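The structure under discussion appears below in the form of structure tokens.
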Amino acid sequence: MYQPEFPPVPFRLGLYPVVDSVQWIERLLDAGVRTLQLRIKDRRDEEVEADVVAAIALGRRYNARLFINDYWRLAIKHQAYGVHLGQEDLQATDLSAIRAAGLRLGVSTHDDMEIDVALAERPSYIALGHVFPTQTKQMPSAPQGLEQLARHVERLADYPTVAIGGISLARAPAVIATGVGSIAVVSAITQAADWRLATAQLLEIAGVGDE
């Protein structure tokens, strides 16, 4: 059995929205979401730090699991719940500093080889993607599909896992049925005609996560 070396997270993180603003963090926390990721791109450093500080404060207020994408130094400085890194960021990041600060670590993967790389670091959870075609981010890899996702989930057994990539409200039940512990969503909420309704429906499918 694989065991994380970073601080653990619940096996089921539940619904896991990935958003790019403090405004979305606050909305979703107010709507009952308890696992989130702040992913900021193309902003000035001082703006990024201000948003990271505000998001972490909100996460604490709601007793939520807030992960900061990429900006691991700021996450350590301001004591975030956790950090999420892509494969391309692992070599350039001081993982021992993240571990020493007591932060959880999530790592993106896209195939078996990248899962091996992630497992070598023993993160808190492993993200599996992208499951379906996605417009949110340019992806060099092909979509995995449900069958491949289920195989990865089985391989990782009791390791906390997160499915990501093109997961819509309609697709969410089939993704959860693979046994994955969490579903990360972006446009399924942020581009929904009624984001509150979409969030409530996705929470009903994926839950808020284990304590």
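Note that Cβ sites are derived from N, Cα and C of the backbone, with glycine treated the same way.
In Swiss-Prot this protein carries:
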- Q37, L38, R39, I40, K41, N69, S108, K137: 4-amino-2-methyl-5-(diphosphooxymethyl)pyrimidine binding site (BINDING)
- D70, D89: Mg(2+) binding site (BINDING)
Which of the three DSSP states, helix, strand or coil, fits Q37 (4-amino-2-methyl-5-(diphosphooxymethyl)pyrimidine binding site)? strand
Would you count the other C-beta atoms found within 10 angstroms of the C-beta of I40 (4-amino-2-methyl-5-(diphosphooxymethyl)pyrimidine binding site) for me? 20
Spacing of the two Cα atoms, K41 (4-amino-2-methyl-5-(diphosphooxymethyl)pyrimidine binding site) and D70 (Mg(2+) binding site), in whole angstrom, works out to 9
Per DSSP, three-state class assigned to D70 (Mg(2+) binding site): coil
Min neighbour Cβ count (10 Å) across binding-site residues R39, K41 flags K41
